[in-house]
Amino acid sequence: MAVSAPLRSLEEEVTCSICLDYLRDPVTIDCGHVFCRSCTSDIRPISGNRPVCPLCKKPFKKENIRPVWQLASLVENIERLKVDNGRQPGELAREPQDMKLCERHQEKLHYYCEDDGKLLCVMCRESREHRPHTAVLVEKAALPHREKILNHLNTLRRDRDKIQGFQAKGEADILAALTKLQEQRQYIVAEFKQGHQFLKKREQHLLDQLATLEQLLTEGREKFKTRGVSELDRLTLVISELEGKARQPAAELMQDVCTTQDTKDFANKYPRKKFWIGKAIPHMVKRKAGEFSDKLLSLQRGLRQFQGKLLRDLEYKTVSVTLDPQSASGYLHLSEDWKCVTYTGQYQSDCLLPQQFDCEPGVLGSKGFTWGKVYWEVELEREGWSEDEEEGEEEEEGEEEEEDEEVGYGDGYEDWETDEEDESLGEEEEEEEEEEEEVQESCMVGVAKDSVKRKGDLSLRPEDGVWALRLSPSGIWANTSPEAQLFPVLRPRRVGIALDYEGGTVTFTNAESQELIYTFTTTFTRRLVPFLWLKWPGARLLLRP
């Protein structure tokens, strides 16, 4: 039958540490420890001195030994309880299976030898090997270790609490971040949905206006056609009659002449009447069509600005780039911070480096890119180069167009001078010659492979490893084969260059208005660097930021 824990604890209290049996005639010594009376008589003095307690090693006097009657009574009661629990009187309770005993004596390990660091039983403690050593009770020896364990345990518990706190806070932060991302997702969907609806309404509004213009033009076309057919029929009839008169014999013709009232002017019988068919496109319709074209230009500019701004702000990282002076042509002068380049017009380099442009006035950036999305700007400084002048030119052109609308319509007898046509053609040829001269003054901005060819006359096109725009007084051109004119009158002060290496695109924008100008699309396999080319006296290019 299993022994209850309280009973086993009581048995340990009434067990003699010397004989390891129940206390028989228990007595106490000076230090307070209790032993059997017969066991105390076996304790011998050490080196002729007084005997010492086997447990605490304190000396005691045998004349001070006193009986402990209460323990004797307690032993008797425990023995009776043992009988009730199915054990014979004097039989001790079994120790827990996991409790270690002395391997030599099979006794309890009550002591700890501080010299050898071993657990001892009573018999080992009294042996010659350990008698001169310092031995203390296991409970006492365990106290400092237990205290260290408890202190370390408290530290670990605090660490656990901190980790749990950090984990809880981290989970809360992650949850808050996920919640914020979800809110941002909903915001993006809602904003784009609203934007789609707005653009859809604007699209429908423009299409409705376009349909109205188409209807007006269709109706005007029918009226114009009807009036023209009627007038043509009248003239055809008169022409046919006169052709018949012209073919008459002379006598018959003169007979008809004599029958008229005015014999001197037979043609007055067929007077030349002024006709009016009307304008093919009424002035009101032309005005509305012009206003609609202006709206489309505003739409185009607005969409370019929108695309350029999103491209720059949402996808690309703005980087600071500088120029590589060793690659600069002798026609160019670089500032001390390698951010600005000026065209000198005269070759000034004393020695030609292998990586230097010789014939072409070009220069490369010192920083290259083999991945990522990066953005930088190039500013063009030159007197007379601005978008304000562009707007002024557009206004002048608009006024000229309005004047053209007022002129060019009259009656059916309006004459056209061929000399004026020849004169205008001559003016156009002169303008083309002037444009060809202006093309010589230009600059290019973009990117190039770091291995781009730098010697001799170069085309500097995508097939040569250069993706650039050319800016000139005649407008902006994509440096492709063949060269493509993009905007004849666009004059941006700053050009934004957005490079998406993995995406294989180089996008150019008006950095001030965020308008999209042009995008090159290809596959990049080499390191790319900024590229500038300047052949424009009085102009300079600056890298921003």
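Positions of Cβ are set from backbone N, Cα and C atoms, glycine also.
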Review point. Given 97-138, 475-516, which one carries Swiss-Prot's zinc finger label?
Key: 97-138
Study note, to complete from the structure: By a three-class reduction of DSSP, Cys124 (Zn(2+) binding site) is assigned helix
Point to revise | Around the Cβ of His105 (Zn(2+) binding site), the count of other Cβ atoms that are within 10 Å | key: 15
Check your understanding: How many of the residues that make up the zinc finger (97-138) does DSSP mark as helix, as strand and as coil?
Key -> 5 helix, 11 strand, 26 coil
Practice item. Determine which residues of this chain, when Cys102, His105, Cys124, His130 are set aside, have a Cβ within 8 Å of the centroid of the Zn(2+) site's Cβ atoms, and list them as they appear in the sequence. Key: Arg104, Glu107, Leu109, Leu120, Cys121, Val122, Met123, Arg125, Ser127
Review point. Cys102, Cys124: which of these binding-site residues has the highest Cβ count within 10 Å of its own Cβ?
Key: Cys124
